[in-house]
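The feature transmembrane segment is assigned by TrEMBL to 25-46, 52-71, 92-116, 128-145, 228-249, 270-294, 310-332, 353-378, 505-527, 539-560.
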Amino acid sequence: MEKAGSPSLGGSYPQKNAEILSSQYGINLFLAGLLLTFAWAVHAVGISKSHLLSYLITLMLIQLLWMLWYLCRSCTQRRLIRDKDTHAGARWLKCGITLFAVITLILDSFKIGYYIDFSNCLSPTEGIFPVTHAVHTIIQVYFLWCHAKDIIQSFKTLERFGVIHSVFTNLLLWTNGVLTESKHQLNEHKERLITLGFGNITIVLDDHAPQCNCTTTTLCSIFSQGIYYLYPFNIEYHILASTMLYVLWKNIGRKVENHQQHKTPFKFHGITVGMIFGLIVLTSTIAIVVVYLIQIGRSKIKSELALTMFYLHAICVLALMCTAGIVALLIYRLEDRSLDNSKNPARKLDGELLVGTAAGSWLLSWGSILAIICAQAHPKYTWYNLPYSILVIIEKYIQNLFIIESIHREQEKMNDDIKTLRIVTISRGSTLSLSPSYKEIYNGRATHDSGEVPCLFRGSVCGRENDGGGSAKEETSQENSLVTHSASDFSFYSRNSVTSNKRRILKNIAAFLFLCNLSLWIPPAFGCRPEYDNGLEEIVFGFEPWIIVVNLAMPFSIFYRMHSAASLFEVNCKT
């Protein structure tokens, strides 16, 4: 129990110690699992896949017990008013993780079917793991939907350990998925190298296939192939879950500010141009990936054509993204808007993840640039890799600036009265009556038979026909007042028009970049990886060192694209 004391001293030190202790517990938990995963990957003596799965099953069961305890305690205390972090656990983020979770459940069902077909020679843990993982996925998604915004103020020390355990459990499940998928991609790459006749590279397939025959060959083929196409979604599910849980951990014991964030729903209105160009990029990317996967490894000529096609398409897309990002940053420079520097764990984590995960693709890009400079022989397609690598570095640099500044800008409050144009007339300071309908005024079709200027440009106070009871001085003063207001109101209307145009451009840019990032997530996630197939880097750095670099950096590069897409969706809603 935490000691009661002064807010500045008694409460801060125990909580800080609890935060440090829980973080160290989570790191050691992760390192032990990481070492076990590495030992299995390199076929260490005495370490089998069943040992790794047993460790993961144990971690998931502990997390399940904690989540069930938290849910039961929340149900008994549901009448209590709890603090909420309005920035955490956005609805679109919950919908995204639910979609990935559903596909993860399909993956678990494939694994169960695969285990049944090979049950004669597989460890029981390979059947228990997908069942436990499916239950873990269902309860965790429900937990995040209901409690991702919670700011925990009771049992804080215990809850810190429970939440951080959940964070690193998901990170280990993410690591396991990344390693399994990478080993599969590496085996396919080695098979392509054998087909292309690379005799100067020692190629040994890393095969973890079961050493027995399948009971139904067709089903086994469907399950084994389908599993690896579903792994990208499983990987994204676990990394999203770990980030949401990390924000929950950072919010434990936090004092919230009184102001609440305004809800900003996503609207398609006004982003047609960005959506059209983005959909063109998305469609063309899917076509490029399909052709690439069909052509690569067939023959040397077809492989070179596939690589050339990929590089040219990626160069065009990245150049467009750089241009769009620069335009958005220039618009920001022209505006005088303050930044929101209030404490926000979710926003801080978004910025750190953008820069941190971008380092993965930057590492690959600099490796490619160095290989092109140092290589003695340069096939034609490798020269396209140079502008591609440079653009990857520049594009992520510009995009990170745009996203981080966007999520830190204070949200602009729009006046609904401007949109509805509720214009009233005042006569002698007492009687109110409506002027011509706002639709006519908005469209510039106010009554002009009498030669009057529409009220929109004359000001918010419009003259009414004289009923014969007013004096000439009153009429003259009203006309002078209208003329005085007209210039300032027209200037106000012009400024709002310019601001509206800027916002529309920014929303289109955010929508375009959102679809472009989804497009660039697809190729590496589904096996279109020129870093493997180029061959130039492997000659310069060596086959095994470069493959290690790619396998370490590629997961971060893939996550960057999905996280950028999520952040740009938020930017579009906020703009």
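Cβ atoms are placed via backbone N, Cα and C, with glycine included.
With a cut-off of 8 Å between Cβ atoms, the residues of this chain six or more beyond the transmembrane segment (539-560) that come close are 178, 182, 186, 189, 201-202, 232, 235-236, 239, 353-354, 356-361, 363-364, 367, 370-371, 374-375, 396, 521, 524-525, 529, 531-532. Ranked by number of Cβ pairs under 8 Å to the transmembrane segment (505-527), the listed stretches 92-116, 128-145, 270-294, 310-332 are led by 270-294.
Stretch with the largest number of CB pairs closer than 8 A to the transmembrane segment (128-145), among 25-46, 52-71, 228-249, 270-294, 353-378: 52-71. Using a Cβ-Cβ cut-off under 8 Å and counting only residues 6 or more beyond its ends in the same chain, the transmembrane segment (25-46) has close neighbours at 52, 55-56, 59, 161, 164-165, 167-169, 171-172, 175-176, 179, 183. Long-range Cβ contacts of the transmembrane segment (270-294) within its own chain (Cβ-Cβ under 8 Å, at least 6 residues beyond either end) map to 306, 309-310, 313, 317, 320, 504, 507-516, 518-520, 522-523, 526-528, 572. Packing against the transmembrane segment (52-71) from elsewhere in the chain are residues 29, 32-33, 36-37, 40, 123, 125-126, 128-129, 132-133, 135-136, 139-140, 142-143, 146-147, 159, 162, 165-166, 169, 172-173, 176: each is 6 or more residues past its ends and has a CB under 8 Å from a CB in it.
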